[in-house]
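Taken from TrEMBL, the feature transmembrane segment applies to 21-42, 77-98, 110-130, 136-158, 170-194, 200-221, 286-308, 324-344, 351-373, 379-406, 418-441, 447-468. What TrEMBL lists as domain 'Major facilitator superfamily (MFS) profile' is 29-472.
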Amino acid sequence: MKLKGEKGESSDCDEGSKGKMTLLLALVALISAFGSSFQYGYNVSVINSPAPYMQDFYNRTYFNRTGVPMDSGFQTLLWSLTVSMYPLGGLFGSLMVWPMVNSCGRKGTLLINNLFSITAAVLMGTSEIAKTFEVIILSRVIMGIYAGLASNVVPMFLGEISPKNLRGAMGIVPQLFITIGILVAQIFGLSSILGNVKGWPVLLGLTGIPSLIQLLILPFFPESPRYLLLQKGNEEQARQALQRLRGWDDVDDEIEEMRQEDQSEKEEGHFTVLSLCTFRGLRWQLISIIVMMMGQQLSGVNAVFYYADRIFQSAGVDANNVQYVTVSIGAINVIMTLLAVFIVESLGRRVLLLAGFGLCCVSCAVLTLALNLQTTVSWMSYLSIVCVIVYIIGHAIGASPIPFLLITEMFLQSSRPAAFMVGGSVHWICNFTVGLVFLYMEAGLGAYSFLIFCAICLATIVYIFIIVPETKNKTFMEINRIMAKRNKVEIQGDKEEFKDFHTVPGGQTEKKEFASVEL
């Protein structure tokens, strides 16, 4: 390795490890997030607006086949399946992350994943012509598998190709495109555009277009250099990929940092989910991502969106105009997530997590009060609207984007795929559970449901404050050392460096040790 700063100066080394946003890096982020994360968001909200027309199609199709109208209980069951098959498919997709990213690579997995989306889009788009509602339910499972893979692989891919000073911003880009996807589905779903009796099959089928674009363009971009070097052992390809992504030829510092990571992992080998769950050296990282993923999904975000229409109607918004209010909430979500992209590197991950969950916690508490008093105190309905907006701001800046970013940062190459598989599975199981349980909670507790979400947010804040470290502008190895202290274990790479310190004579050793830590 070429030592920069031979005379004890570290400025060149710092510059080498500080990457700039190159055109290629920006394009990789754009194509990966638009082709994958965007569709996760799009399919979360795409069936909300055309629901009455789709249910009518279910009923009509059933009547044409059997000659009798569909029983209302059976119709409710079919619609529940249509909604809930998406997060269930997401769980299946998450379980496929570990084998796929290890065998096909990050970019390869994204390309193969597009086939799920295109297949589902064709089936949903032609369901009305084919007069079959069953394929819609099947397609929701397929789209769920697609979203389960995309929601894990895109943050992993972008986290691995980013320089450390841009990793936070790049890690939030997938969440930004999820919110854009939700907003686009809300806009296209307006009754004046595609949310009507003729337009809904087109609305469902549009989801294949971003996949098609990604399938055509992504092959021309490089694979993750970390995957090429640490998992495939191909240094030449890894070096070429890094040079293209960074826009300069001298990438020795980053290659050396990857080698250190490789050295520290040699004893453990590649982790399966079982070995990850039983390995003491990653105990707190694993607990942290489970807590943050549970906090993210069980903090009531689905409930707030569910209640939003009712809250705005009680404040005097006309029933026909509520759809436009929903779009405006989607727009706030996008704007605040975009803000998080720009402030995550200056404020850090911990601040955004604590502030985000804090806003959600306070909003849920005040919203409980406002919903209970809005019949007696006239201005309480306006306070409810403020609570919804504050809640969405909190979730957009911290609770939604940061947990996936931290999975990338808190785990090294050998354990990252298994960690994403665990984190992604927790994400989708909790999503599915909230969808299943919330209607019963709402029926039994009413507005007091939000006190449960408030308590979950508070518990998550306490855990983050005590356990989760700041990872801003640190290499994966530096983060690993911080967590190793918490786990009370010694890192293999540190023992190797200690040996080097003793075996090489002269003052040169201090410079070597210094350079390896600075990377």
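Here the Cβ of each residue, glycine as well, is placed from N, Cα and C on the backbone.
Among the stretches 136-158, 200-221, 286-308, 379-406, 418-441, the one making the largest number of Cβ pairs under 8 Å with the transmembrane segment (170-194) is 379-406. Restricting the average to the domain 'Major facilitator superfamily (MFS) profile' (29-472) gives a pLDDT of 91. Proximity of the transmembrane segment (286-308) to the transmembrane segment (379-406) is established through 3 or more Cβ-Cβ distances under 8 Å for residue pairs spaced 6 or more apart. Residues 28-29, 32-33, 36-37, 39-40, 43, 54, 78, 81-83, 85-97, 100-101, 106-107, 109-110, 113, 116-117, 119-121, 123-124, 127, 170-171, 173-174, 178, 204, 207, 224, 404-405, 407-408, 416-417, 420-421, 423-424, 427-428 of the same chain sit 6 or more residues outside the transmembrane segment (136-158) yet have a Cβ under 8 Å from a Cβ within it. Long-range contacts of the transmembrane segment (200-221) within its own chain (CB-CB distance under 8 A, at least 6 residues past either end) are made by residues 24, 27-28, 31-32, 34-36, 38-39, 42-43, 46-47, 49-50, 53-54, 57, 107, 110-111, 114, 117-118, 120-122, 124-129, 136, 139, 143, 185, 188-189, 194. The stretch from 77-98, 110-130, 324-344 that makes the most Cβ contacts under 8 Å with the transmembrane segment (418-441) is 77-98.
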